[in-house]
Amino acid sequence: MEIDLDSIITRLLEPRTTKPGKLVDLAEEEIRYLTVQATEIFINQPILLELEAPIKICGDIHGQYYDLLRLFEYGGFPPQSNYLFLGDYVDRGKQSLETICLLLAYKIKYPENFFILRGNHECASINRIYGFYDECKRRYNSKLWKAFTDCFNCLPVAAIIDEKIFCMHGGLSPDLKNMDQIRRITRPTVVPDFGLLCDLLWADPDKNIQGWEDNDRGVSYTFGADVVESFLKKHDLDLVCRAHQVVEDGYEFFAKRQLVTLFSAPNYFGEFDNAGAMMGVDETLMCSFQILKPADKKKLTNDSNGRPLTPPRNKQQKPKK
């Protein structure tokens, strides 16, 4: 069949004018087209993106499609603004398919203005369990889930904005000594159980520690403010920008404003009363925040499905630091 990208985007945007939770039915061939075309672009762009401000940065979405549309209403629909998303598009919410399809469609339509990084949920071993596989199988088939897996294995994993703001989904890594280590990661790749790529997608800051400690998630590490400070100094950077953790106001600073956590799914999972946030970076690298207040509780886009909040992960033992 002839695939019309603009028609796909138009249909994906229709729920803007309907009630939250309305499903968008794309043809399976259209979704496969999105995964294949986007993969080609990801592979042809660097795994460590070098981007320029102005840009808007968003944290976890987790299938809360109506909230993704609200973010675009606030920030301007592409190509009105440049965007960088920090991962975790799927799982937990009810509309992972619409969410990832719109993001891939915009990536194909505006490859130099619209960027998405890999989160720890863009990984088959995680999204097999936490909702995305079930959604693909229920609405289409498990082969389509495999097509997304192949696409996710090619996503970029970090970005640097104007040589000053270092962005990733999770956090820093004790193995990260220079940026070329990231550039040398070859794709397609699965997320390993430990090491640099794992940490970029899984690590968390912790205000109660110094240095590195094992992470309660059972994967990767936590790191103290001292780690952030010395990392920024060494690499002549100003800010680490990451996602991966629910924060009450949608954004939260750490280490004397040298690290910021962004989370863009308000009322996360139907169980939290958090706001969502998007960070705007202007040409002078001034950062400002747009807040999505928690919407009313009757919203249909969140659903707990009784899934635990922190995914345990079957893994080999990682080396001690």
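Backbone N, Cα and C define each Cβ position, glycine as well.
Features as listed in Swiss-Prot:
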type	residues	note
ACT_SITE	His121	active site, proton donor
BINDING	Asp60, His62, Asp88	Mn(2+) 1 binding site
BINDING	Asp88, Asn120, His169, His244	Mn(2+) 2 binding site
REGION	298-321	region 'Disordered'
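Neighbouring residues of the recorded Mn(2+) 1 site, listed in sequence order and excluding Asp60, His62, Asp88, comprise Gly59, Ile61, Gly63, Gly87, Tyr89, Val90, Asp91, Arg92, Gly119, His121, Ala243, Phe263, Ser264, Ala265 (Cβ within 8 Å of the Cβ centroid). His62 (Mn(2+) 1 binding site) falls outside any helix or strand according to DSSP and counts as coil. Each of the binding-site residues His62, His169 was scored by the number of other CB atoms within 10 A of its CB, and the lowest score belongs to His169. Within 10 Å (C-alpha to C-alpha) of His62 (Mn(2+) 1 binding site) lie the following recorded positions from Asn120, His121, His169: His121. Listed in sequence order, His62, Gly87, Asp88, Tyr89, Val90, Asp91, Asn127, Tyr130, Phe132 are the same-chain residues at least 6 apart in sequence whose CB falls under 8 Å from the CB of His121 (active site, proton donor).
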